[in-house]
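Peer 1: Sharing the feature lines straight out of Swiss-Prot:
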- 9-224: domain 'Radical SAM core' (DOMAIN)
- C23, C27, C30: [4Fe-4S] cluster binding site (BINDING)
Amino acid sequence: MAGSEKSSLTKPRWLLAELTYACPLQCPYCSNPLDYARLGDELSTEEWKRVLSEARALGAVQLGLSGGEPLTRRDLAEIVTHARQLGYYTNLITSGYGLDEVRIAELKSAGLDHIQVSIQSPEKLLNDELAGTESFEHKLKVARWVKQHGYPMVLCVVIHRQNIHQMQQILEMADELGADYLELANTQYYGWALLNRDHLLPTREQFAEAEAIAQSYKEKVKGRMKIYYVVPDYYEDRPKACMNGWGTTFLTIAPDGMALPCHAARELPGLNCPSVRDFSIREIWYESAAFNRFRSYGWMKEPCRSCPEKEKDFGGCRCQAYLMTGDMADADPVCSKSPHHHRVLEAIASTQRSASDKPLFFRNARNSRALTG
């Protein structure tokens, strides 16, 4: 593996364990790869325990348990118990589907610290349509059970063109449920969301109206419910510091053991991300070519190389650059300084046109195989 000067590198602090790609829902904005149904076997319980131990020894302290739907793993409580023994702060990121009071109590006993529940819409018909599964009533029960079992209620609603008109109702639903935290996560366009972008990207006017409603409501519930509004990249003129900088803070392990600097990095060609089945976490973090590829600033092209903002945003998202320009070393096209910024503007302009002539692809194994066969 390619080497790096260890003394100059930070250690991973946040480990995202994508335990499985299995999921009973079929959300068309899912960030999982399009070809997920063709990927290899999931890591075993013992393999996950080894990964958690190695990452913790290296410095990781926050553990996200996601998927797919992590509740489909019957060994979830065992993994949580091991994480707790290692000293992680554990966060279950779930649709809530498959969670009941018995399982919540089991996870609580195992030492789980935090549960984040996603809801697609405050209205049953749209929620179940977007999820591809009748799940709305159960999600509401789960949200209440979570709080009854002593957890803070953390709701996440992914925002897009299909539900952005419901912003006021989303906020009222969260308030009525007694949510302690509400994350309004505007869709980021990777994986299935990019495939369905023409159906999902709101217009500029829709976004501005929804943001104003959210900001106003934030003042109304100040001290009672914290609202986090994640602005979509496409409506910024400067990119975010993706993952706080490539290979500096975040480490994702996919269900088949592939180690990723960010959860979408699997889409980058020629990156050759290593597997935890072949290398230790220490080797992957310090030695792998994939994790060293976009560290520091030497890889940058203009306009990033001479930009005074490069130490703030690190050139933006490598995956977004590749998906929109074909070159993962290009400046993130979200940036107004990028020579490819017009591609973001074109995507926004396309929201004014009807997307009815294009199918909406739901995230399921049949579509995964058909699209990548």
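Cβ from N, Cα, C; glycine included.
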Peer 1: Tell me which residues of the chain lie with their Cβ under 8 angstroms from that of C27 ([4Fe-4S] cluster binding site), as long as they are six or more apart in sequence?
Peer 2: Q120, L130, A131, G132, V158, W192, F362, R363
Peer 1: Starting from the Cβ of C30 ([4Fe-4S] cluster binding site), draw a 10 Å sphere and report how many other Cβ atoms land inside it.
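Peer 2: Taking every protein chain into account, the count is 24.
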Peer 1: Same chain, not part of C23, C27, C30: whose C-beta falls within 8 angstroms of the C-beta centre of the [4Fe-4S] cluster site? Give them in sequence order.
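Peer 2: Here the nearby residues are L25, Q26, Y29, N32, G68, S95, W192, R363.
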